[in-house]
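First up is the structure itself, then whatever we jot down about it.
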Amino acid sequence: MESGQPARRIAMAPLLEYERQLVLELLDTDGLVVCARGLGADRLLYHFLQLHCHPACLVLVLNTQPAEEEYFINQLKIEGVEHLPRRVTNEITSNSRYEVYTQGGVIFATSRILVVDFLTDRIPSDLITGILVYRAHRIIESCQEAFILRLFRQKNKRGFIKAFTDNAVAFDTGFCHVERVMRNLFVRKLYLWPRFHVAVNSFLEQHKPEVVEIHVSMTPTMLAIQTAILDILNACLKELKCHNPSLEVEDLSLENAIGKPFDKTIRHYLDPLWHQLGAKTKSLVQDLKILRTLLQYLSQYDCVTFLNLLESLRATEKAFGQNSGWLFLDSSTSMFINARARVYHLPDAKMSKKEKISEKMEIKEGEETKKELVLESNPKWEALTEVLKEIEAENKESEALGGPGQVLICASDDRTCSQLRDYITLGAEAFLLRLYRKTFEKDSKAEEVWMKFRKEDSSKRIRKSHKRPKDPQNKERASTKERTLKKKKRKLTLTQMVGKPEELEEEGDVEEGYRREISSSPESCPEEIKHEEFDVNLSSDAAFGILKEPLTIIHPLLGCSDPYALTRVLHEVEPRYVVLYDAELTFVRQLEIYRASRPGKPLRVYFLIYGGSTEEQRYLTALRKEKEAFEKLIREKASMVVPEEREGRDETNLDLVRGTASADVSTDTRKAGGQEQNGTQQSIVVDMREFRSELPSLIHRRGIDIEPVTLEVGDYILTPEMCVERKSISDLIGSLNNGRLYSQCISMSRYYKRPVLLIEFDPSKPFSLTSRGALFQEISSNDISSKLTLLTLHFPRLRILWCPSPHATAELFEELKQSKPQPDAATALAITADSETLPESEKYNPGPQDFLLKMPGVNAKNCRSLMHHVKNIAELAALSQDELTSILGNAANAKQLYDFIHTSFAEVVSKGKGKK
């Protein structure tokens, strides 16, 4: 990974012992594999891809992302596989897709394309060897992937279906979730492989990496801020429960509020009644989100960034007049005081009286107050420094291991990686000062005081902060001593260090390093930061003088556009030392597999975590939730009753039966004594773009054939006369605002006798187009209800259907089609917005026809007769009033039209003045 040299391409490691066992079981019997996060669901999928990369096979892969597909193809290319998987996208024309399928091998295709190809028999269903499903926890009944699997099983009884997922927690929601997923997958077997599985645990224990847990203590001000935020969170949760007694109390606990999925949990409960909630409840939900962000910023970033966020929150509240109640709590005051105390110190303020301090700070914020900068360093930074120094010391004596080891530092996101890079290259003081200048440029006097103070006190503080005991017996005593922080001192506390004690640093070296840190110019650090990889060669940094030979890479754990970027770095660099600056469960497991796949090669993992913090609690909660999810799955598996016909390899599986005819349906006995009639097969013409929704799947399930074509007018053609335009609520509002719906209604009304607007809404997310107030307040040009009313007035033949779900829509379509002729796909395809091929449009131009309909006395009933008698507007103007009466069949309408055409503008103006 040195500059100028291309990255080494390393093939994926061979399967581990327990993975081989699972593959053998899965080869024997199809099933759903649920493994723990990070334990290699992607490795299992890759192995099955490798097995079927042959022209004699045809294997479809569902639910993969483009980045994952590219990664798998590249890995197979490195392995030397000749018949590589191919990707079927919109770039491949529909006519050439059949040839791609018949060439065999592994096919990555989007769900929409596969659905269309199955329905049009463009894919040879009987030749498909099997289907591999990734992220199987997402396979619900109405999704596209379930539709594909159902079509596959209806046409192919021999092919295999194997599904993989590493998200056990997803099965924890709903009733019998895993059983419903297995039903949609048409599999009978459930394979559970948690981390505590006997085979997994025993194998990984034999090859476990050396782990050094470093529990970093937060500074007193950080602890005070964390306590204040937790108090405010607790108060907000109590108030939320008070305003909404129906909410589940267990899920709204403080422990869950700290975890990552809390936002989804609370929205899950509140979405069905969101439009009914008061402003207070909505404000509380927003406050909870902000407070969770504050907790993350506290442990993740520096003191300046945290204070900047706090001050911006308060400024926003003042600017927009919003009233967040938590800002006026005592805990909020404590949080602001301690956040400011981490950045600067006001000499005149007395810490004994909190209220006076806050008042003084508020008053003096706008004045030229002489502040003494404190710029408290992040304790994890100093812990990272200690780790890097230890690695340097070991690398000096690493000849037995084949030379110095590479170092990989992993942090949560790009921003943290950027800060770590700046900290390593500039040093804490220079980096924080530069950040302070960017954020608070006005306080130039505070910088001068701080620089003077730091130069006087620098050597004494740095010596003490880096001091380590010489013998191991004094380690506990030294740690205890380090926990007590005095005024003006910011020290690192290592409460647990499983490693060799380092030798005492030379005082002169530290002083020299510190001076060089401060003298580093902020401009010397490049501003542009790579988002996916940060390469930092620490040998050029005079502040530390460590890692002269090996390369140090700082990489984000989350947020990369390539999900396998970190995996690539891990296998290409092959680091001997990995520093986990932030705890992330998936990557911890990935490191275990990485170590187990390289037996004999050392790997040391430094685990940096704030002891007793919300960060630690989040990590432990994630572990506990996954363990509980697997325990629940084990209990469900033990009591699960799986029918023999579940796999659908014969005709006895009822899930493969189409149609909804039941025994209690009334029969018309007037027709041949009630004998069963062989009616025509129902069909609906569906626009290609509609296959992104679940409605086509449900229509097909009801026994109605689907003909997918690209329609320009309408989304669904139910009969030769009935055209349906489907809109969701958000789409409806957007189409009404930009005028697109008006144009669509014009086209539908022109070419179909029964144009229909279908408005489909989600039952779990109710909505209200009108408020609870009086109706007259809603009548306006901007109101949705008013626009819908105008639309119906403009198009009298337009019918509006309201459906609470796609299931209800499918049932409604079936009822609308009863005893009606079937639509013709070729005719529907020929209709375009400018089409003139229909019988009604062969004689008349749409433009003049619309113009004619806007004239007084002309309506939809007499318009056709009028156009039949006159060729153009000029002929119409030449007709007398009697002739118009005979054509229109109504004297009043004829008089209105005649007066409109022949009355001059001057006469109209004079009549208007006369009325006044």
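Every residue gets a Cβ built from N, Cα and C, even glycine.
Note on Swiss-Prot: of 233-254, 541-562, 585-606, the range annotated with the feature region 'Leucine-zipper 1' is 233-254. Checking LYS289, LYS389, LYS753, LYS895 against Swiss-Prot for the annotation N6-acetyllysine singles out LYS289.
Of the candidates LYS500, LYS820, Swiss-Prot records SUMO2 cross-link for LYS500; the remaining residues carry no such annotation there, which does not rule it out for them. Residues LYS155, LYS353, LYS911 are shown; Swiss-Prot lists N6-acetyllysine for one of them, LYS911. Ranges compared are 486-491, 612-617, and Swiss-Prot records motif 'Nuclear localization signal' for 486-491. Just so you know, the Cβ of LYS289 (N6-acetyllysine) picks up 13 other Cβ atoms within 10 Å once every protein chain is counted. Between the CA atoms of LYS911 (N6-acetyllysine) and LYS289 (N6-acetyllysine) there is a gap of 65 Å. Across the domain 'ERCC4' (683-763), DSSP helix (H, G, I), strand (E, B) and coil residues number 34 helix, 26 strand, 21 coil.
Secondary structure by DSSP for the region 'Leucine-zipper 1' (233-254): 12 helix, 0 strand, 10 coil. For the region 'Leucine-zipper 2' (270-298), the number of residues in each DSSP class (helix H, G, I; strand E, B; coil) is 27 helix, 0 strand, 2 coil. DSSP gives LYS911 (N6-acetyllysine) a helix state.
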